[in-house]
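The structure under discussion appears below in the form of structure tokens.
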Amino acid sequence: FREQPIFSTRAHVFQIDPNTKKNWVPTSKHAVTVSYFYDSTRNVYRIISLDGSKAIINSTITPNMTFTKTSQKFGQWADSRANTVYGLGFSSEHHLSKFAEKFQEFKEAARIAKEKSHEKMELTSTPSQESAGGDIQSPLTPESINGTDDERAMPEVTQNSEPRAEPTQNALPFTHSSTISKHWEAELATLKGNNAKLTAALLESTANVKQWKQQLAAYQEEAERLHKRVTELECVSSQANEVHTHKTELNQTIQELESTLKKKEEEIERLKQEIDSARELQAQRDSLTQKLQEVEIRNKDLEGQLSDLEQRLEKSQNEQEAFRNNLKTLLEILDGKIFELTELRDNLAKLIECS
């Protein structure tokens, strides 16, 4: 079996509401088994949870993921490949801490595995890069491969049903938005670096093309002059053998010039292709810049919503405090009235006894 469970626990499973991106939606009616799995073939770690035969969690751990504790018994992490955020409610803080430790451990293992894979790919691609000479190489960014859809059944951990930990509302948006923003910023920085390199190469290539065009024009002029010279020599020269020898040399020179011209044309065609590639990268950079601006605008909206919620919470607390004070005052008045009624009852009882 390719995948084996290496750690299991039980928790209530939630996913973020895809419409509001604020509220949590429970995906399990009760606590279910949540397990870490290791795929030895592809050297990846995954978090899997089944509710009956339905997979409610299938998340591959990547070095960019972060597990966040939002309360004493609740934690969450964002999965950009599944385009969702998972939340887990544990029965105790100890179970949450243990799960978070394992998450960090396997995240570090995934990072090391990715670095080794990247080094292996670089070593594999080294011969082809050396043979390419001075060609401009595109940056290699291998992506991690996600898990397959067919899941293996997991052994159930025999535990009693734990109390359900409620997730903290509004704890998600900033974490998720910050992760997306950092991701786009990293990609934008990479594209800016590549764009700078390609721009420098493009400028150099443009200068070379101009120089080659000048040389080509000079070669063409020289070829025409030599053709004219050959014609003149054939017409006026009385030494046929010398003229023939000179003509042969001139023909060889013309062939060499034509070969050089062909090579220059091929080089110009290659440079045109590199220019087209640079333009495509420029378009990608502009698209990522626009997406980053949209993410920043969304973050500002979320900050405004959080500020509004904090003001509402403060107002609610003040109202509750005023209600408590009023209730305390009412209780004091009621105690006084009860005390007066008690004294009145005792006096009436004494009067009845005396009469």
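Just so you know, glycine gets a Cβ as well, placed from its N, Cα and C.
What TrEMBL records for 202-333 is coiled coil.
Under the heading compositional bias 'Polar residues', TrEMBL lists 138-147 (among others).
Annotated compositional bias 'Polar residues' per TrEMBL: 157-172 (among others), in sequence order.
For the domain 'WH1' (1-110), the model's average pLDDT works out to 91. According to TrEMBL, the feature domain 'WH1' maps to 1-110.
Positions annotated as region 'Disordered' by TrEMBL: 114-172.
Secondary structure of the domain 'WH1' (1-110) per DSSP (helix as H, G, I; strand as E, B; remaining residues coil): 18 helix, 54 strand, 38 coil.
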